[in-house]
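Sequence annotations record features per position, and here Swiss-Prot assigns substrate binding site to Arg26, Gln27, Ala28, Gly29, Arg30, Asp75, Tyr151, Ser206, His321. The annotation site 'Transition state stabilizer' is assigned in Swiss-Prot to Asp75.
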Amino acid sequence: MAAPNSLFVRACKRQPVERTPVWFMRQAGRYMSEYRAVREKYSLVEICKKPDVAAEVTITAAEALNVDAAIIFADLLLPLEVMGLPFHFSPGEGPVIEVPIRDAAHITRLRTDRAHDLGYVAEAVKKVSDHFGSKLPVIGFCGAPFTLASYMIEGGGSRNYLEVKKLMYNSPHAWDELLGKLVAVLSEYTADQVKAGADVIQIFDSWVGCLSVEDYRRYVLPRTTELVKALQHSTRVPIIYFGTDSATLLPSMRETGAEVIGLDWRVPLDQGWSLLEHSVAIQGNLDPVLLFAEWPELKSRAERILKQADGRPGHIFNLGHGILPHTPVQNVKDLAKFVHEYSSQLVGPRE
């Protein structure tokens, strides 16, 4: 942990800050010409597995945007490979699991003893941490147990999560075994990132919004809480837990014990924070598509979010999901600058 007193880390802990910190999910991506140039040489997975290149991509984006944190360049699905579930990226389709899980026997065969084989991610974290030192914190991350399990079972993206829910409802013991194995791998994987210099860990639960509150509490909350507690025990860095389409789940997500809850754009920030009883920090929550809007509209929406935060310690400005391809880079830069300037004028030091 190289930047424990940074604006971003202090906000994660709901400590007073001089202005609202800002960073963006998928801030290194195809919308940037520098990233596209790297992708002409390497595939996404090749970048992830080359620490020098992953670090370069991470650093370039953070410096170009002048944000308050650098999130390591990696992919959510990397842990699947070391568990014995190969995947590849299909043009136009995204990730494809070559042999999806369909039964308990397949779950039993999954390995949990190879998390250290993902050490190339930790090596990239170290390079980024060494580069920035105390100037800029580094965010490590992993996918949440539910979202990764969904990929493993569906074999890729899904509209109705039929196979996931069939296994969850019909084979609850096998389902819990799968999530337990994921927790074992993910806790080691993220702990290695922290040892390498990550100041914060974000857990991405991108698909959790497909669940009812009842199903989330019964089938997902216990193992997700286990992951958060394991990380807090072994690393003592703040944990951000982010899900999409999750407004109805927010009170339950708070029970994981994560220090920060990420909001998507579907719930107003002030309402989302109220649902969380203002007991945690929050991150969000601009609609990524607004980055395509003309500046007056984009500025107005960002201003609204900052006003909804109402000067409370613990707000980190971000999008409600990742930056989209073809997003105008200048809009992202202008937004980061505006958040810095407007939030410092709006609230000053927060007590």
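A Cβ is built for glycine as well, from the same backbone N, Cα and C atoms used for every other residue.
Note: the CA-CA distance between Asp75 (site 'Transition state stabilizer') and Arg26 (substrate binding site) rounds to 10 Å. When secondary structure is read from DSSP and collapsed to three states, Tyr151 (substrate binding site) falls in the helix class.
Local packing around the binding-site residues Arg26, Ala28, His321 was summarised as the count of other Cβ atoms within 10 Å of each Cβ; on this measure the leading residue is Ala28.
With a 10 A radius on its CB, Asp75 (site 'Transition state stabilizer') counts 18 other CB atoms from all the protein chains. In the three-state DSSP assignment, the secondary structure recorded for Arg30 (substrate binding site) is coil. Each of the binding-site residues Arg30, Tyr151 was assessed for Cβ neighbours inside 10 Å, and the highest tally belongs to Tyr151.
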